[in-house]
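According to TrEMBL, the features are:
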type	residues	note
DOMAIN	B:74-263	domain 'ABC transmembrane type-1'
TRANSMEM	B:12-36	transmembrane segment
TRANSMEM	B:73-97	transmembrane segment
TRANSMEM	B:109-131	transmembrane segment
TRANSMEM	B:143-163	transmembrane segment
TRANSMEM	B:184-207	transmembrane segment
TRANSMEM	B:242-263	transmembrane segment
Amino acid sequence: MGEFQRHRTVWNQKRKEALTGWLFLLPELIGMLLFNAFALVFSLYLSFTEWDLISGLSGIRFIGLDNYMKMFQDSSIILALKNNLYYTVLTVPVSIAIALVMAVIIHTKVYWQGYFKVVFFIPYISSIIAIATVWSALLHPSLGPVNQFLRRLGIAELPTWLADPDTSLLSIAIISAWAGLGYIIIIYLAGLTNISDELYEAADIDGASELQKFFKITIPMLRPTTFFLFITMLIASFKVFDIIAFLTGGGPHNSSTVVVFRIYEEGFINYNMGYASAISWLLFAIISLITAVTWKFRKEDAA
Amino acid sequence: MIWIKNRLSKIITTVIMTALSVFFLIPLLWMTSAAFKFETDVMVFPIQWIPETINVVYNFKAVWMGSVPFYTFYLNSIKISLAVTLLTIAFSSMAAYSLTKLRFRGRDLVFILLLSYMIIPAQATLVPRFLLVRWFGLYDTHASLIMMDMFSIYFTFLLRQFMMGVNNDFIEAARIDGAGHFKIFWSIMLPLCKPILATVGIIKFIWSWNDYQNPLIFLISRELYTIPLGMALFRDDYTNNYAIMMMASLSAIVPLFIVFIALQKHVIKGIALGGVKG
């Protein structure tokens, strides 16, 4: 075989490998380009327009920044943002703290570890809609077991939970936190198995107490896990939709409306495609901001 | 002495945690018990955990053989979740193979591209995806849901992580024997990936089974509804008939329980994997 021919074969092989490579990537790439990249750009374009969908493509009217101007004066959007923030504060830090303690207990301090892993995890894998149905019965203002129990305890002013604008979001947060706790525990348990036993043994020799070990070894060693949980849960809390759409529909009196619910209402109920797209970009901006800020913190942390 | 003390404290924490876990399970126990009851007994307090009279046959019939029977939702959910799971596994593992075991120009760029797409939340692209579905003529079809859900960057990454750990010697040896990449992918890589594929498959199945948002947006015909949408129908049709609603909830959750308890190691491993790799 001559030098030229060998080159040719190598070149052919490389080309074949490249072709195969792209072929294997093709389906995933089409999906991502269509539903992520194109969809995002398309939604940016729509956010500068007014369009009711029914009038067809010719009905799209360019209106510049009007949607964004409207958005920042729209009291329902501001309320949705406030509610999202309130929901985040209620669910993320408390759940992380409780789950951390429980994970540490499950990791070393109990028998039947397998049982506990499964039990706390069951609500997480169950359909949130079925879970929400159960809780809406449990929290029924007059007949529900929760309030009947509180009545037995002699509490006169019973909360009406989902029916009360003051407590609707709190009730939703309790249900979500209850359903999501198992997920955090599982992630923490995975983190805990990565901590070397030697650290604890050394601390034992130095006569460290359980609490000292928890604060001086466990918490610092779990920092990357906590960081991961914090960022993903923060983002997830701004994407909350299912449980709110199902339980309260954003009510009563918009008390549990959130950003994604507003996108849903404007886009798929009122058919305001332009305005819904502008709110979509608000959501995208918030999530990008969270990612960017927490990422910067992590870098500083690592340095 | 210390040995005894440790043992004792472990027993005590186990007892406390067990009490806590029961407290945690109460809503689900209550649901199960209510699904067996007459409507009039559901809200009786103190709670009758074991009902004195049972109405389970009536409740079951109302849910499974009523005006919009539950088994329709079941079949729809099984069909969609299975299709979504198989397609996700196929596309994600193909992409992961290409990103780890094939060398060509542009590969790393594609990888970075996919990585950056991960922060685009599906909720922010709902409007354009709704329009795409309508333009493709797939509005109010199961195909729309399958199409929406069959691509997953998350699982592509999970599979990529795993495949990076697969020794290239297997592939080199097969190359020398004259096998093409399709053959290597199918008869070497996929069998080696079985454990992670099982994990990915189960998690994707559960997520798809529980999805509420996409069916809510893309479906209108009752007979096409999936289980979560069917639950919303039951709530509207049987307002305040809690026994029937709890039977519906129980019916929605039981298959997930069975799958989860049978395969819990895979599920838990998969969730933990995603979290640790971050």
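Just so you know, glycine gets a Cβ as well, placed from its N, Cα and C.
Most Cβ pairs under 8 A with the transmembrane segment (B:242-263) among the ranges B:12-36, B:73-97, B:109-131, B:184-207 are made by B:12-36.
The list of residues near the transmembrane segment (B:73-97) in space but at least 6 beyond its ends in sequence, with Cβ under 8 angstroms from a Cβ of it, reads 114, 142, 145-146, 149-152, 155-160, 162-163, 181, 185, 189-190, 193, 197, 200-201, 204-205, 208-209, 224-227, 229-230. Sequence-remote contacts of a segment are chain residues at least 6 beyond its ends whose Cβ falls under 8 Å from one of its Cβ atoms, and for the transmembrane segment (B:12-36) they are 42, 47-51, 54-56, 59, 242-243, 246-247, 249-250, 253. Beyond the ends of the transmembrane segment (B:184-207), by six or more residues, the same chain brings 81-82, 84-85, 88-89, 92-94, 97, 101, 152, 155, 158-159, 162-163, 166, 170-171, 174-175, 256, 259-260, 263, 266-267, 269-271, 273 to within a C-beta distance below 8 angstroms of the stretch.
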